[in-house]
Amino acid sequence: DGDRNLLLIIEPGFGEAQSPVQRRVTVIYNEGEPQESAAGQTIIQHVLDEMTFAEGDISDRYRIEAEPVDSRNLKFIDFLLPGVVAMSIMQMGLFSVAFSFVQLKSRGVLRRLQATPILPASFIFAQVFTRLSVSILQTLVLVGLAVLAFDVHLEGNLGFMLLLALLGGGVFVSMGFAVSGWARTEDVAAPVANAIALPMMFLSGVFFPRDAMPGPLRAVADFLPLSYLADALRNVAVDGASLWSQWGNVLGLAAWLAVTFLIAVRLFRWE
């Protein structure tokens, strides 16, 4: 059912004789969870090596006989895809808004725009709508490419993934507006945006599970907006979870949206 990553089978009479059967344990591991399975096998082999050294005969080691099982036919790319989708949404929202609006502001375009019949609110809404539409489009492109080129198994509802992409896109677009409001030039916006994005890329479980992180670091990483988005997308895409079962991640994203929106409103300037 995908809920177990490793099964340890110990034969009757283990360690009581010198036959190969009594000197081995069988490990059945989940091929769809390579990191957790490898960590479990390493721990078991370490225990077996200690038993070998305690007996004083290192020529006849206890050993592991590993057998892979993939009950849901999942591969590492199945784990990676939702994280890549989440990362692309973050980069699109944060960098595209921050750089483009700082550029428009530094060139005086936003100031001159106020002299036209276009309402400022309409201009901002159009920018937000465009970038959220791009979030939906790039999610569809990435998922479609992964399914066609890498034979990715999409277990969940694509519509749920698109709704999560909209919510996550809103968070990072608001974050981009906050950066563009604070930074006066592109030279300032670039390091600020990178300082926000890079830690999230490596701490949010995009490329590898956060289970391997030290406790204090994981406690911080669990509350990052990219963590909420990547976890929700992965649970839907890989585990087939419903959107309603991801209420914790959705609430986390909603809280970040409220905070970043208020900061953006506070910091954004037309000049």
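Think of each number as a place in line: the chain as shown, counted from 1.
Cβ from N, Cα, C; glycine included.
The domain 'ABC transmembrane type-2' annotation in TrEMBL covers 41-271.
With a cut-off of 8 Å between Cβ atoms, the residues of this chain six or more beyond the transmembrane segment (79-102) that come close are 32-33, 110, 127, 131, 134-135, 138-139, 142-143, 146, 152, 161, 165, 168-177, 179-180, 183-186, 188-190, 192-193, 196-197, 200-201, 204-207, 225-226, 229-230, 233-234, 236-238. What TrEMBL lists as transmembrane segment is 79-102 (among others).
Annotation source TrEMBL lists transmembrane segment at 123-148 (among others). Only residues 6 or more beyond the boundaries of the transmembrane segment (123-148), in the same chain, are considered here, and those with a CB under 8 A from a CB of the stretch are 77, 81, 84-85, 88-89, 92-93, 96-97, 101, 113, 154, 158, 161-162, 165-166, 168-170, 173, 237.
With a threshold of 8 Å between CB atoms, the same-chain residues lying at least 6 positions outside the transmembrane segment (160-181) that come near it are 82, 85-86, 89-90, 92-102, 105, 128, 131-132, 134-136, 139-140, 143, 189, 192-193, 196, 225, 228-229, 232-233, 236-237, 242-243, 246, 250, 253-254, 256-257, 260-261, 263-264, 266-269. Among the features that TrEMBL reports, transmembrane segment is placed at 160-181 (among others).
Note on the transmembrane segment (188-208): residues 35, 80, 83-84, 86-87, 90-91, 94-95, 98-99, 102, 175-176, 179-180, 182, 217, 220-221, 224-227, 230-231, 234 of its chain, located 6 or more positions outside it, place their CB under 8 angstroms from a CB of the stretch. The annotation transmembrane segment is assigned in TrEMBL to 188-208 (among others).
Residues 164, 167-168, 170-171, 174-175, 177-178, 180-182, 223, 225, 227-229, 232, 243 of the same chain sit 6 or more residues outside the transmembrane segment (250-268) yet have a Cβ under 8 Å from a Cβ within it. What TrEMBL lists as transmembrane segment is 250-268 (among others).
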